[in-house]
Structure formats: C-alpha cells, structure tokens
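These come from TrEMBL:
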- 12-32: transmembrane segment (TRANSMEM)
- 242-372: domain 'AAA+ ATPase' (DOMAIN)
- 438-448: compositional bias 'Acidic residues' (COMPBIAS)
- 438-460: region 'Disordered' (REGION)
- 449-460: compositional bias 'Basic and acidic residues' (COMPBIAS)
Amino acid sequence: MTSLYNQAPSVSAVFSLYTSFSAIMMLFRTIFNDIVPKRIQDYITGKVVDFFFSSYLPTRFTFVIEKEWDDSVENATFRAAEVYLPTLLSRLSTGKLLVGSSNLKNPEAHTKLGIPIDTGITDEFEGIHLEWTLHSVETPNVPNVKRFFHLTCEKEFRKKIMEEYFTYLTKSADSILRQRECLKIYTYDRQQHSSCWLSTVFEHHTTFETLAIEPQLKTTVIDDLDAFSKGKGFFKSVGRAWKRGYLLYGPPGTGKSSMVAAIANYMKYDIYDLQLQSVRDDSELRRILTSIANRSILLIEDIDCGSRKRQTKETKEERVSLSGLLNLVDGLWSSCGEERIIIFTTNHKEKLDPSLLRPGRMDIHILMDYCTPFVFKKLVALYLKIDDHILFDPIEKLVLKVSVTPAEVAHQLMVTKNADIALKSLLDLLETKTVKEEEDTKEIEDGDDTRKLNQMKKDK
Ligand SMILES: Nc1ncnc2c1ncn2[C@@H]1O[C@H](COP(=O)(O)OP(=O)(O)OP(=O)(O)O)[C@@H](O)[C@H]1O
C-alpha cells in the first residue's frame, strides 16, 4: 500500500505534465493554423472526424433532382438524367424498362426508353458508386404528378459529384441528343394552376433536300446554320449570347413552316411552338423563355396577327408588351440558355412594328416567295420524278407571269403520278390565274379612270 502510494505521481507533477501538454498542443495548433493551407487543414480535420465519428454519422448523401425547378421551368439536370440513364441498361436493379413507340406508321422508327418509377439504376463515375432512383408524388390541386430523381453516393464524394459528375451528365445527355433521330415539338399548355410545355414526336420530314427554294437561298441558310452551330467560341468572344434569330416572311403556302421543319431536321433541334396569344403577360413570357431547353428552336408563327392584346372574360386586358417581345429577341432574357434559334413567321411583314425589324433584332430576314421556274422544276422532280417535259416551257413562262405558291403547285402535282395529267392540270390552273389577274388589273385601271374622271369633273 505504501509502495503503491509512493509510485503514484504527485499533484504538482501531474499539473506540470498537463501544462507542458497544453503548451505543445497550443504550439501545434498555431503551426497548424498558420502554416498548413486551409484546404489541407479541412482535409485532415475531415479525416480525423471520419475516423473517430463515422460509425455515428450517416455516410450516405442524397441529391434530389426535381423535374420542375420553379413553376413551369424544366430542370435541365432532370432532363439530362432522363436522357442519359436509359443508356445504362445493364445497370437496372429490377430488369424493367419503359418502352414507348414514337411512330406507329414507321415500324423501323427507334423506340423511346424510360426509367420506371421506383426503379433503381446504378452508375460508376471515376470509381465512385452512384445509385439513381426515379420517384413520383401526387400533390393536391395539381393535375400532374411531381417527378424527381434521387441520386445517392458516399458522403465523402458529394463535392466531386457536384463539381464533376453533373457536368459529365449534362455533356453525355447533350451528345446523346445530338445523335438522336427523333425530334420533339412542344406546345405551351396554359392551365390555371400549372402551365407547362407538352411534347409530341415531330414528324415533319422536310429537309433542305426536299424543300424547293432557290439554290442561293439554300446555301445562305445552311452556311448560316453551320456557322452558328460551330460558333460558341465566336459568340462568346464578341460578347454575344449564342442564339440566332430568323424572320420568315411571305404569302401563305410559300413554305415558311416547311423551312422551319428543314432547319429543325438539319440542326436536330426540338421545336417549341409558342402561340403568343396564349401568353398572359411579360412575366409569363419570361418564365416560358427560361423553361426552354438548349439546342432548340423557339417558333412564334404569324407574329403579325398575334395582336399582342387579348381580352379575358372579365374584360381585363392582358398582354405581352412590345418591349417584352423585344427583350425576347435581343434583350437580357434572350441570353439565358445557349444554342437557341428564334424564328418568327409572318404573312405580312409590313404590319410588324418597325422596332422588330431594325438591324440586329432578327439576324436574317428570309423572303419565302411565289414559285419561280427553278422551284417549279424542283417540285416536279420531287413529286413526279422527271426533269423534262413538253409542258415545262409554257408552265415556266406562266410561273414568271402569275403569282402561284409552291403549295398550289405541289397540290396539282400530287393529284396523280401521271406526269401528262398532273402538268396539264397545273397549266390549266396557271391559265385560269392569268385570266383572273388580267381581269383584276383591268378592274383596277377602270376604277382609276373613273376616279380620275370624277376628279376632273369636280375640278371643273
Ligand atoms: N418551298 C416549298 N418546297 C416544298 N414544298 C412546299 C414549299 N412550300 C410549300 N410547300 C408545300 O405546301 C405545304 C404548305 O406549305 P407551308 O405550310 O410550309 O407554307 P407556309 O408559308 O408556312 O403557309 P402559312 O403561312 O399558311 O402557314 C407544305 O406542306 C408543302 O407540301
């Protein structure tokens, strides 16, 4: 007992040991804080905490990726996941996959794949194991179910996932979309509670090969589109948003919609078809604009007859203002997103507000005009598969004389596969039009003569 008591350290020895230990710790802390860089400090601290406390703390981390970001704005990360995940077929947890047919008429059309609700799918990124699951919940008073992905990983990798994996995801989805064959057309569905874009498969097969336009116009448009798609660096270097605006104008039936289809098919861009009349006000227009995906066409047809005002039942005027529209074309809102083409079409360019036509607003103004001899021959080659006929000469002469649209010509050429009959019916149409136009001109001249006569009588 005595010897034990003698071996125990004295209070003063313990105290001096404690003081020395504290001094060393303070010295260590000072060195650690002053000399070791902050990032290394964080790393070491994290490792120490993980070592001592990891068994008490959750080690998994889950990212929640909702379909809609804010009101009707589609979350681009959700969209990217929707595109990318079905390509990881072998990693589905349940062996289930959604399969949708895009085209009943074409059995060779590619089927669309999707992830079923509550199905897990795994991915590997630089050795990190990732688990994806798609969930859905119903919300009261909202017609559509809310869909969201859960992406779970080890907590220690969350920073890497945020900084690198999401970029990889977006890039992968982008390159998948660039190679796809099936485009979509979206229409804006305005509901009382939640408005959104509804999509369907875009099946307009017009390409620049089947669009009958003058060769020079075709070259101009294709060159412009090529320069645009390769122009990311250029647009950035000159401080401009990566977007392009086209105004297509001309009489009905001259191929404006067909030109839009050719552009979409050439660029492999989806189309967002917006009826301006269905937009409540500028703020809704702004929201719509931010909800459009990159690599897409925003199409506003018949911009002249949109009469940007509309009356509600309560006779309250609702409108998209001209400045809202101009902002959409070249203001700050138009700068959100990348690689976008805005196309306005109109049958009456002269009715448009001059501010919309000022240089720099829409990059290119394209006149879609009445049929020319070249366009006529191109249509005949397409529809009747011939490049010469005895009726070509009289038809070409009349095409130069009267206003006939490519749509009218195409309509006559579709009547039969027999070239003699089809061309004869086209010639008849042109002759009838010639007579009509001559009569109209005479009427106008007669009207002018009568007016002049009356004026002379008055003057006397
Ligand atoms: N340039 C063209 N090349 C080939 N086909 C054409 C051309 N223009 C018109 N057509 C034919 O006419 C139809 C109608 O043309 P389209 O809808 O593209 O004209 P539009 O100018 O957009 O008319 P609208 O102003 O009435 O909308 C097309 O489906 C196509 O078959």
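Including glycine, each Cβ sits where the backbone N, Cα and C put it.
As the structure is a computational prediction, the values presented were derived from the model and not from experiment.
Mapped onto DSSP helix, strand and coil, the compositional bias 'Acidic residues' (438-448) counts 11 helix, 0 strand, 0 coil. Taken together, the residues in the domain 'AAA+ ATPase' (242-372) have a mean pLDDT of 82 on the 0 to 100 scale. For the domain 'AAA+ ATPase' (242-372), DSSP puts the residue distribution at 47 helix, 33 strand, 51 coil.
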